[in-house]
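Pulled from TrEMBL:
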- A:Ala30, A:Gly31, A:Pro32, A:Gly33, A:Ser34, A:Gly35, A:Lys36, A:Thr37: ATP binding site (BINDING)
- A:9-302: domain 'UvrD-like helicase ATP-binding' (DOMAIN)
- A:303-574: domain 'UvrD-like helicase C-terminal' (DOMAIN)
Amino acid sequence: MTHESKILSGLNDAQKEAVSHGPGPLLVLAGPGSGKTRVLTHRVAWLVTSGLARPEEILAVTFTNKAAVEMKQRIQNLLGGTGGVRAQTFHSACLYVLRRDSAKIGIDPKFTVVDEEARRELLVKVAKEFRLDPPDAAAAGKAISFAKNCLVGPDEFPKWAAEKTGEGSLLSQKMAEVVSGCGDAVPEVYAAYQEMLKKVNGLDFDDLLFEAVRLFRERPDVARKWAEIWKWVLVDEYQDTNRAQYEWLQLLVKKRRNVTAVGDPDQSIYGWRAADVENILRFKEHFPEAKVVALEKNYRSVPAVTSLADRLIQNNTRREKKTLIPVRPDGGEAQCLSFTNERAEAEFLAEKISALRGGQGLSWSDFAVLYRVNALSRTYEEALAKRGVPYVVVGSVGFWGRREIKDVLAHLRVVVNPRDVVSLRRVCLLQPGVGEATAAQVAALVLAGRPAAEVLSDVAGKPGIGKKARSSLIRLAKTLEVLETGIREKKPAAELCMYAAESTGYMAKLAKDRSEEGQERVANVGALVSAAAEIDASGGVAELLERAALASGDSDDGGGKDAVRLMTLHKAKGLEFHTVFLVAAEEGYLPHYQSSYGPALEEERRLCFVGATRAKDCLFVTWCRERTNWGRTAWNRPSRFLKEMGFEVNSYLETRRLSGTRWTDRIAAEL
DNA sequence: CGTACACTATTTTTT
DNA sequence: ATAGTGTACG
């Protein structure tokens, strides 16, 4: 067998067709559990082994860091090394381009990537000048983010917002919500916020896409250069692309047209942050010569699960007809259960997990509890803990988002981008004796164009500065100077991290806290040094900061821990579990009350679809008549999606399975 | 400037 | 219920 045919063996006909498609646009419509990632990775391997592409000519784009890592690993397994194939997120691909060419559109390539936390900080500061309070600032921030994702600048904003309203799309629905939340101050705040970003030489996440598009538009020669580098582009989760991502891709592939888009319109769940399902629905219009392959066979779930998911999604109007064809034989179960309150629901689930694990020889990590909103996790956590069931809540701040990690890295940021006063402020506030007032003084002087170390020494000498503050400012100035030389001489990032943490007294401060939390912080800084050492093997400080910025929002997924996973429906996308508990299937939660009409409702339905199709063997959809949220107890109606899935829901006592092979009535027993 | 305490506003999803 | 903000005092 040739290497090439080895890559095709074991694939079904549709998969083979997609994998071995030659040049030209290809759209793969891949239902849940149909081997989407498999097709993507095998296609990359096939392109290489067939000789059509060299590895370094291939760019595979994903939405999450996790998906990018997985993709890389699987390509590596197939090819025995990635050999230069780039698999990365949209944001990191754009960042890669901008670091090299941003000067061509007037952006200093040493710019800082402003993460969510820093962004909020800047927005609040800017909004204050317009007499907006923090909630209004947040609303304005949403509108700004939305606009950037739609490639709309501050000047075009008013006209665009007016046009958008009443358009009937999900995009316009979300936009209307956002704009109504903060009134007509948005354009001014937007402009001022951009001004501020420019001052500190920072780009936020949305800017990475926005500016990458601007670069390709304003400098066709640059676009051409990158199109020659990445001759083959593959996109995962295409249904989640927004306007900016779509445009960037167009500019990249318009000449060679070697674009592979893989996705499932029924799993588009990010409309609220400007993803536009139309991108995938109109692929054929954008690329008339495109080949379209549908992967409808579902290898993941038992028929009981696929059939109810299929029934549910048929209720969406704006979709292309497509079915889920189960490959697996009958078995497993899909049930709907109701409870008087969330306590009973949580107890049931904890008990059920223990029983199933023992009975079927499963691991804790074979179970997942999925809910619509994070706030719901608490009850389930308590019940699991009470029974001694190990669990992880996927969604808590991950490593790169931890305060201590960001604190240490802020020192390096200040040196790499001398105008980064956001990081400088952070670093100053860490010093004993230094507060808001002093930090602001320092920031103002640095923005006026003076080097940070010099400013710190100067401010330290000013009257009115306390003794404690004086000595710590001087110490900080020295640290920054040393880091500066260290970076110039390309010292290892690990060494510099260690130095930053130690010489500023930060480590000592952390170590003083003897609590478990405090000790964990110390350990995390140690882990940062190790991570830096790993990165030093292939890069340096720049790479470390890059990785930290882009991963700062990543949530802790529990690693390989054998524990039940608790997470939101959004976070469950792309995952699968033996048994899934889809909890709080109640009107108000699923669909969420803020999205219970119009196009947004359809997205809620897709969300429910995504949740249900995570289950391989068992699916339990549960709802409670009564739920206590923050102090208040409310009465709930069962989710309309239950009926749509085929469950008969007459009253809370009689929730039963309508059709299917097994008819179990455990409801009475549970109540 | 830093801490302690009280009050209030908050809750959808996140690269 | 809780986290985050604001105020008063050392």
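Even glycines carry a Cβ here, placed using N, Cα and C.
Recorded features from TrEMBL, shown on the structure.
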residue : record           : CB count, 10 Å
A:Ala30 : ATP binding site : 28
A:Gly31 : ATP binding site : 25
A:Pro32 : ATP binding site : 26
A:Gly33 : ATP binding site : 24
A:Ser34 : ATP binding site : 25
A:Gly35 : ATP binding site : 22
A:Lys36 : ATP binding site : 23
A:Thr37 : ATP binding site : 17
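Taken residue by residue with DSSP, A:Lys36 (ATP binding site) is part of a helix. The secondary structure of A:Ala30 (ATP binding site), as reduced to three states from DSSP, is extended strand. Apart from A:Ala30, A:Gly31, A:Pro32, A:Gly33, A:Ser34, A:Gly35, A:Lys36, A:Thr37, the residues listed for ATP, the same chain places the Cβ atoms of A:Arg38, A:Val39, A:Asp264, A:Leu295, A:Asn298, A:Tyr299, A:Arg300 within 8 Å of the centroid of those Cβ atoms.
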